[in-house]
Amino acid sequence: MNMGQLSLLEQGIAVLAALVLFTSFALLAQSRLTSAIHSFAWQGAGVALVTALVAFSSHTPHLYLSAVLTLGLKSLLIPWMLHRLVRQLNMERLVENITHPALLLLTGAALVIFSYWVSLPIEKLGLGNTRNIVAISLSVVLLGLWMMVSRRQVIAQVLGFMSMENGLFLAAVASTRGMPLVVELGVAFDVLVAAVLFGIFFFHISESIESLDVDRLNRLSEREESA
Amino acid sequence: MSAFWLVLMLPVVGSFLLALTSSLAVSGWLNVAFCALEFLSSVALAVQVHANGSLSLTGFQIDAFNVYLIMLTTFVGLTTAIFSRPYMKDVCEQGRLTRKRMRLYHAMFQMFLFTMLLALSSDNLGILWVAVEGATLATVLLVSLYRTPESIEAAWKYFILCGVGIALALFGTVLVYFAAQQVLPDAEAGLSWRVLYQHAGELDSRVMSIAFVFLLVGYGTKVGLVPMHFWLPDAHSEGPTPVSAVLSGLLLNVALYAVVRFKMLVDGSLQSTDTPAMAGLLMMAFGLLSFVVAVLSLQRQRDIKRMFSYSSIEHMGLMTFAFGMGGPLATFAALLHMLVHSLTKSAIFVTVGHASHIAGTQRIEHIRGLIRTQPGVGWGLLLGVAAIAGFPPFGVFTSEFLILSATIQSWPWLTVLLLGGLGVAFAGLFRNVQPMVYGAAPEGQVAVSANMLPVLVHLLAVLWLGLAIPAVLFGWLNDVTVLIAGEGL
């Protein structure tokens, strides 16, 4: 596919989607929690901007609402909540020790290639830009998943989770001009409730194990059962 | 129509009302009353649907398949509420819970029922997703209710694992919507199950098969399929017992319901390709794997609730396998198995709740001599386990027998695996249950105030289903089979 054949708006969408993917990598490798939260906020802003552009180019007014919703929720409210929690739990200076940063990022790159491979069949539908967007959003989803697997801090896991949601949202917006409004509102509501729950859990976890390191959540395991 | 709105709105009203009620005596009864009303209106709904064939409202679609699960949901909800009233009061009096958290418990119990009913009745695949995610959020709070480090850890695991799973399911849903937009004249209707099913043959088969993988892994996490099952034993063992009963009896069914609905779509779209049975084969593989792993893990459990949660994984695996195999016989068997498993498993968890109250622990080696201390609980556990292990004349025997017959017809060599697995599961269950029921009771073990009515009702129903399936129910399940498999028994 030749980028030059696309309209200026579509090119803009593609560039922004690529930037969202870039913030995913930034999230993955960011060892300081506050900086990771900032990367997440930028990712939310990127997704909101893509949504607004898609709304403009395809004349779907309800997408403007989703754009505002995403901006408010993903790039302002949730990062703000996380920031406050980090401050309350005295973790502003905390730097997570990432053991193999190069391996972490290389696996991330492999996941992006894998996503492109998975979305190959969609290219055969001949829908120009769509394949790129589906592949990028799947990459964002998988990178979020990878972040949850590889990072040990509870807050990093939550960021991974939320960035997965960003990837899903990107897929819905860019490949299908957004889901019906009622579904989007439902999803946004679920995300909000989940964010609040995460906040509550931070306190419970830090109370019960005196840290937010998932490795110390190890009371329930099959090994202990058989001992 | 009004019956349907009652079914859907009662739990919402109940949830808010119970969140405001602080008196323990009142809220327990209020919970039971709301569940009873929900059950009655779901019966009315079932009668309506039975008379008309199906019921379509804007955004909702009730046919034989979901009305059967709606009734099962409200029924198990009711009996669990009856059990939970004295049980949770006891827990509260022991000081493990504060009043405030009892309010949370009751409100979330109703909220959980609401999300289940919404997921079952919605015609919109997006709303189905929202409801299943909502159920996760409601049950996370229930699992962490005791606020012990273990329960917090279990709830966190559950939250993260199911959150990730369900996110993948959303990606699958987006892909389905994408495929629908390419063919449907009205793009907005692209998530309506009714519309999609009519156009299943036109949906792009490549996109649909990618979507199904995501959907199966996503909703499969909630079904408890191996290897995405790790949340299940923890959540079941650390949450309050009534929650284990509804998790095993209801939540897993609803997730499986979602998988089956999507399988029907994908089957339709793959019909003319060279891999028409791809969805079914995937489900069979996941189902068998879950079955085998669960049967083996069952053997080494030391915690009574963990053991039975592995038994849930085993049975969900069996159902997924049967639904995947397809065809009228296997589908009918899987539907029947869904019903009898829900009834039996919730009865077992109720009994287990009492048993661990008597012994003061959930460790299997410390639970002894139930039948001497409190014969009702002892017999309940013994009969419940006999039923779940597939002893005739209980209903589980019937459905497992039908699943085996279907397997012999289409995949004869897998029968060996299934039979062997059932035998191993049976051995594991009885090896542990026998001393719990008959062993010498420790000194000073006293009976607790137990409410065995729900257990009795459930086990009698399962027994009845094993001896004779009532003609109404047979016709009903047969209608569902026609809906799913294209033809009846």
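Any Cβ shown, glycine's included, is placed from N, Cα and C.
Feature annotation from TrEMBL assigns domain 'NADH:quinone oxidoreductase/Mrp antiporter transmembrane' to B:122-418.
Among the features that TrEMBL reports, transmembrane segment is placed at B:65-83 (among others). Residues 7, 31-32, 34-36, 38-39, 41-43, 45-46, 49, 109, 113, 116-117, 120-121, 242, 245-246, 249-250, 253-254, 257, 335, 338-339, 342-343, 346, 350, 353, 451, 453-454, 457-458, 476-477, 480, 483-484 of the same chain lie 6+ residues outside the transmembrane segment (B:65-83) yet bring a C-beta within less than 8 angstroms of a C-beta in it.
Here TrEMBL flags B:104-121 (among others) as transmembrane segment.
According to TrEMBL, the feature transmembrane segment maps to B:127-146 (among others).
The annotation transmembrane segment is assigned in TrEMBL to B:158-180 (among others). Long-range contacts of the transmembrane segment (B:158-180) within the same chain, counting only residues at least 6 positions beyond its ends with a Cβ under 8 Å from a Cβ of the stretch, are 125-126, 129, 132-133, 136, 139-140, 143, 187, 189-191, 195-196, 199, 203-204, 207-208, 210-215, 217-222, 228, 230-231, 234-235, 258, 262, 265, 269.
Per TrEMBL, transmembrane segment is recorded for B:207-231 (among others). Remote same-chain partners of the transmembrane segment (B:207-231), defined as residues 6 or more beyond its termini with a Cβ less than 8 Å from a stretch Cβ, comprise 132, 136, 154, 157-158, 161-162, 164-173, 175-176, 178-179, 251-252, 254-256, 258-259, 262-263, 265-266, 269-270, 275, 278-279, 282-283, 286-287, 289-290, 293-294, 312-313, 316-317, 320.
With a cut-off of 8 Å between Cβ atoms, the residues of this chain six or more beyond the transmembrane segment (B:243-260) that come close are 65-66, 69, 72-73, 76-77, 80, 83, 109, 112, 116, 119-120, 128, 132, 135, 139, 142-143, 145, 169, 215-216, 219-220, 222-224, 235-237, 283, 305, 308-309, 312, 316, 319-320, 323, 338, 341-343, 345-346, 349-350, 352-353, 484. Annotated transmembrane segment per TrEMBL: B:243-260 (among others), in sequence order.
What TrEMBL lists as transmembrane segment is B:280-298 (among others). Counting residues 6+ beyond its ends, the transmembrane segment (B:280-298) has Cβ neighbours under 8 Å at 212-213, 216, 220, 224-227, 229, 259, 263, 267, 307, 310-311, 313-314, 316-326, 411, 414, 417-418, 421-422, 424-425, 428-429 in the same chain.
Annotated transmembrane segment per TrEMBL: B:318-340 (among others), in sequence order. Sequence-remote contacts of a segment are chain residues at least 6 beyond its ends whose Cβ falls under 8 Å from one of its Cβ atoms, and for the transmembrane segment (B:318-340) they are 68-69, 72, 220, 223, 225, 253, 256, 259-260, 263, 267, 277, 279-288, 290-291, 387, 394-396, 398-400, 402-403, 405-407, 409-411, 418, 462, 465-466, 469, 477-478, 480-482, 484-489.
Residues annotated as transmembrane segment in TrEMBL: B:376-398 (among others).
Outside the transmembrane segment (B:410-430) by six or more residues, the chain places 284, 288, 291-292, 294-296, 298-299, 307, 311, 314, 318, 325, 327, 330, 385, 388-390, 400, 403-404 with a CB less than 8 A from a CB of the stretch. As annotated by TrEMBL, transmembrane segment applies to B:410-430 (among others).
Outside the transmembrane segment (B:451-477), and at least 6 residues removed from its termini, the chain residues within Cβ reach (under 8 Å) are 50, 64, 68, 79-80, 82-83, 85-87, 332, 335-336, 339-340, 343-344, 346-347, 350-351, 354, 376-377, 380, 383-384, 387, 392-398. Taken from TrEMBL, the feature transmembrane segment covers B:451-477 (among others).
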Remark   = For the transmembrane segment (B:104-121), the distant same-chain contacts (Cβ-Cβ under 8 Å, at least six residues beyond its ends) come to 4, 7-8, 11-12, 14-16, 18-19, 21, 27-28, 30-31, 34-35, 38, 60-62, 66, 69-70, 73-74, 77, 81, 84, 88, 97, 127-128, 131-132, 134-135, 138-139, 141-142, 145, 240, 242, 246, 250-251, 254, 257-258
